[in-house]
Amino acid sequence: MGRENQTWMSEFILLGLSSCWDTQLSLFVLFLVMYLVTVLGNFLIILLIRLDSKLHTPMYFFLSVLSLVDICYTNSTVPQMLVHFLSAWKSIPFHSCVLQLLISLAMGSSEFFLLGAMAYDRYVAVCHPLHYTVIMHGGLCLGLAAGCVGAGFMNSTMQTIIIFRLPLCRNVINHFACEMLAVLRLTCVDISFNKVMVAISGFLVIMLPCFLVLFSYGRIVTAILHIRSAQGRCKAFETCASHLTVVSMCFGTAIFTYLRPTAGSSAEQEKMVALFYAVVTPMLNPLIYSLRNKEVMSALRRLLGKFNKKSELKTF
């Protein structure tokens, strides 16, 4: 029955954010600007880290991976949403919907694991500064990054297979993308097992990295309080402030979406939270890490200085 329904259901209809044409035009302009800022901002972070040797450290390696994940996550949903703002028929083929859910869920899961790895990196930097380069060597950093992305894809593949093997009674998705909870609402069978799987997945993907972050920052705060000089405490806190801000946004929105009681949630609330996580958070990440980070701003000034020198030489 499930496979027959899936074969017959060749496409899905996405209701999007609004049915008003004027509102859709306004949202198109707004989200187009946000999308460009997201892609350019994250690409600039990757470029700066790649070109500036002073940023070739474990912290900035993880930051470059995080920026790449944010670019992939945004590109999995936002371009289609922008096209649909200007379309009368907001459809998405079945296989494109499967791929979109697979990629977006994988990138979202990978981001949580990466934030946990970055918290461990900050813990080693603050609590074991003399052994930092020995502990956080290149092999470990590469292995952690690969493990984070691999675990994200494992979770995404499992969830996607389970969801799309269910028989679907409707093809109208009350969302701007093929999101996990929105697709589950299309089923015509009991989804108690799927709710259990979502809860287990949420615990493993969201809460375990969150516990790692809390444990790391608990040790970090203890270490900072033992620093005698106010300048030393301030410097130690500055190394963690940007990461802690991003962690609060990402884990907060995810816990609100996937780990709260189902009875207290609605499709419209989930759309707004998913929109914040898909569009706003990836846009703010590079801004937070650049504006609050003196090393990144210094690297940007050095890069601009090189371009200015090259342009001056060309004029002569």
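Backbone N, Cα and C define each Cβ position, glycine as well.
Curation does not apply to TrEMBL; its annotations are automatic.
According to TrEMBL, the domain 'G-protein coupled receptors family 1 profile' annotation covers 41-289.
Annotation comment: TrEMBL describes 25-48 (among others) as transmembrane segment. Tertiary neighbourhood of the transmembrane segment (25-48): same-chain residues 17-18, 55, 63-64, 67-68, 70-71, 74-75, 78-79, 81-82, 85-86, 279-280, 282-283, 285-287, 289-290, 296, 299-300, 303, selected by CB-CB distance under 8 Å and a gap of 6+ residues from either end.
Outside the transmembrane segment (60-78) by six or more residues, the chain places 31, 35, 38-39, 42-43, 45-46, 49-50, 100, 103-104, 107-108, 110-111, 114-115, 117-118, 121, 141, 144-145, 148-149, 176-177, 278-279, 281-282, 285-286, 289, 295 with a CB less than 8 A from a CB of the stretch. Taken from TrEMBL, the feature transmembrane segment covers 60-78 (among others).
Here TrEMBL flags 98-120 (among others) as transmembrane segment.
Per TrEMBL, transmembrane segment is recorded for 132-154 (among others).
Summarising the annotation, TrEMBL assigns transmembrane segment to 196-215 (among others).
Look at TrEMBL and you will find 236-260 (among others) tagged as transmembrane segment.
Taken from TrEMBL, the feature transmembrane segment applies to 272-291 (among others). Long-range contacts of the transmembrane segment (272-291) within the same chain, counting only residues at least 6 positions beyond its ends with a Cβ under 8 Å from a Cβ of the stretch, are 17, 31, 34-35, 37-38, 41-42, 44-45, 63, 66-67, 70-71, 73-74, 77-78, 104, 108, 175-177, 179, 242, 245-246, 249-250, 253-254, 256-257, 297, 300.
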Can you work out which residues elsewhere in the same chain, 6+ from the ends of the transmembrane segment (98-120), have a Cβ less than 8 Å from its Cβ atoms? 59, 62-63, 65-66, 69-70, 72-73, 76-77, 80, 92, 144-145, 147-149, 151-153, 155-157, 159-160, 163-164, 177-180, 183, 205-206, 208-210, 212-213, 216-217, 243, 246-247, 250-251, 254, 277-278
Could you tell me the mean pLDDT the prediction assigns to the domain 'G-protein coupled receptors family 1 profile' (41-289)? 85
